[in-house]
Amino acid sequence: MAPRHFLTLLDFSPAELDALLDRASELKRGHRAGEDQRRFPGKVLGMVFAKSSTRTRVSFEAGMAQLGGHAMFLSPNDTQLGRGEPIEDSARVISSMVDVVMIRTFGHDIVERFAVSSSVPVINALTDSFHPCQLLADMQTYREHRGSIAGRTVCWVGDGNNMCQSYINAARQFDFELRIACPPGFEPDAALLAANGDRVSVGHDPAAAATGADLLVTDVWASMGQEAEQQDRAKAFAPFQLNAELLTRAAPGALYMHCLPAHRGEEISAGLMDAPDSVIWEEAENRLHAQKALLEALLDSAANA
Ligand code: CP
Ligand code: NVA
């Protein structure tokens, strides 16, 4: 039987995602209480990173160790992946030796092709199109502070990038309204928008999108791979900063998030980043707990297949 993968949020049903977030919070409480969570001795996670990472690498590697297994860092610079070995051949070989694989890369088609040839579950740890693991942490964080996000309004301010597109999928799976405010020309994928037009809208006015929102979210203006566009983007995105003034338009008690790494004074003001009640740091920590719940779900599904 083909293994279960997590390439986008759509790979799990809304009910499965809810259960996963419950489990993530349970694992978090247990971890903080010093619980022994080593359920998967001898299991190995292969981690393929074609782009840089701090949070994703640390959370997957620490998480796998806490679950009793082992994580192996694989970079295209020093594996045959960087010398042109076909993705399909690499997937076949790597998955014959490990129990689960996570991949961070450029084109989303690369993780899809890897998954087709993999005999074990594959996790998308960020592509140019989607970053579903971050959404697990964001949704866990919202729920822990404010309860269910169903029926709420989320405002995305900034680039229509991989994070924004994952918020579009999240709007569907977690049942909220998403208002996107981006500069003209930086909208998310048109087909993805068209498929979610019942709950996702796009405009170019951050203040209008933020009005009454329960959650404001932003991300860098130039993603990994777009470094050469940094300066041009900074001009186009200047009116799209998440700051205290924008937050005053949101609903009382609104939260704000950023997946990090951030540029203080660009997409988010230093004041919000460093506010004592910011949940951004807990959002980052929740990557650990949410991904442990994800690893557990995928390893259990493989064991029961
Ligand atoms: N948010 C996130 O994925 O961070 P890293 O790029 O550091 O992994
Ligand atoms: N949109 C950013 C997210 C980093 C976690 C990027 O792809 O670089």
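Quick reminder: no glycine exception, Cβ is built from N, Cα and C everywhere.
Per TrEMBL, the features are:
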BINDING   Ser53, Thr54, Arg55, Thr56, Gln80, Arg104, His131, Pro132, Cys133, Gln134, Cys259, Leu260, Arg287  carbamoyl phosphate binding site
BINDING   Asn162, Asp219, Ser223, Met224  L-ornithine binding site
DOMAIN    4-144  domain 'Aspartate/ornithine carbamoyltransferase carbamoyl-P binding'
DOMAIN    151-297  domain 'Aspartate/ornithine carbamoyltransferase Asp/Orn-binding'
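Listed in sequence order, Asn124, Asn162, Met163, Ser166, Cys259 are the same-chain residues at least 6 apart in sequence whose CB falls under 8 Å from the CB of His131 (carbamoyl phosphate binding site). Excluding Asn162, Asp219, Ser223, Met224, which define the L-ornithine site, the same chain contributes Leu126, Asp128, His131, Asp159, Asn161, Met163, Val220, Gly225, Gln226 within 8 Å (Cβ to the Cβ centroid), listed in sequence order. Remark: Arg287 (carbamoyl phosphate binding site) has Arg55, Thr56, Ser59, Cys133, Gln134, Leu136, Ala137 as non-local neighbours, by Cβ distance under 8 Å and separation of at least 6 in sequence. Here the CA atom of Ser53 (carbamoyl phosphate binding site) lies 12 Å from the CA atom of Ser223 (L-ornithine binding site). Each residue contributes its Cα atom, and for Asp219 (L-ornithine binding site) and Ser53 (carbamoyl phosphate binding site) those atoms are 15 Å apart. With DSSP states grouped into helix (H, G, I), strand (E, B) and coil, the domain 'Aspartate/ornithine carbamoyltransferase carbamoyl-P binding' (4-144) comes out at 73 helix, 20 strand, 48 coil.
Residue with the densest Cβ environment among the binding-site residues Gln80, Asn162: Asn162, by other Cβ atoms within 10 Å. Here the C-alpha separation of Ser53 (carbamoyl phosphate binding site) and Met224 (L-ornithine binding site) works out to 10 Å. Mapped onto DSSP helix, strand and coil, the domain 'Aspartate/ornithine carbamoyltransferase Asp/Orn-binding' (151-297) counts 63 helix, 25 strand, 59 coil.
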